[in-house]
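K.L.:
Questions regarding the structure given below will be posed in turn.
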Amino acid sequence: MKQTTCAVRPTMMADFDAIYEEQELAEENHEEAHVQMVPDPIVIRGAGNMTVFGLSNRFNVHFPAGLVSRVAPEEFKATVLRINAVLKKTLPVNVKWLFCGCVCCCCTLGCSLWPVICLSKRTQHTLNKLLEWENSHLYHKLGLHWRLSKQQCDSSSMMEYVLLIEFIPKTPIYRPD
């Protein structure tokens, strides 16, 4: 009798291990099923005729097709117009300082370009603050996040600032912890 019991016991242990491994695989597959695919961010490039340190003087208000049924075209246009208003106010001053800095560059050993660099940083900071306000008041509720990002130009190796509209993945509230 003891031999029969010993013969049954190893097969039960082998079955138990097999069931345990199957449950592990099922849990891994269950976790992979809840991974959400997030679309690529929408890139809005500068559409102006003047660029200072990679920042164009305006962005296009054309509504991108990737935002259909996510945000109203009027809200998108209002945001881009606010951004363009900041650029319209700050970039002409930057261009004047850039021209003066280039004229005096030889005499000042390049130090006359510092005001332009500081003004450009201030413009970027102002745009980031505006986008942060827009995100917190509207776009985060819609699952979108706007930000100013530096990317390489398509036509050359130079860098430019673009607006990125990223999609925030929805949190699965019905999924158990």
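Heads up, the Cβ atoms here are built off N, Cα and C, so glycines get one too.
Copied straight from TrEMBL:
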type     : residues : note
DOMAIN   : 57-146   : domain 'Golgin subfamily A member 7/ERF4'
TRANSMEM : 97-117   : transmembrane segment
K.L.:
The transmembrane segment (97-117): which same-chain residues, six or more beyond its ends, come within Cβ distance under 8 Å?
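P.N.:
Distal contacts: 52-53.
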K.L.:
How many of the residues that make up the domain 'Golgin subfamily A member 7/ERF4' (57-146) does DSSP mark as helix, as strand and as coil?
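P.N.:
Each residue of the domain 'Golgin subfamily A member 7/ERF4' (57-146) counted once, the result is 67 helix, 4 strand, 19 coil.
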K.L.:
Looking at the domain 'Golgin subfamily A member 7/ERF4' (57-146) alone, can you tell me the average pLDDT?
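P.N.:
So the average pLDDT across the domain 'Golgin subfamily A member 7/ERF4' (57-146) works out to 88.
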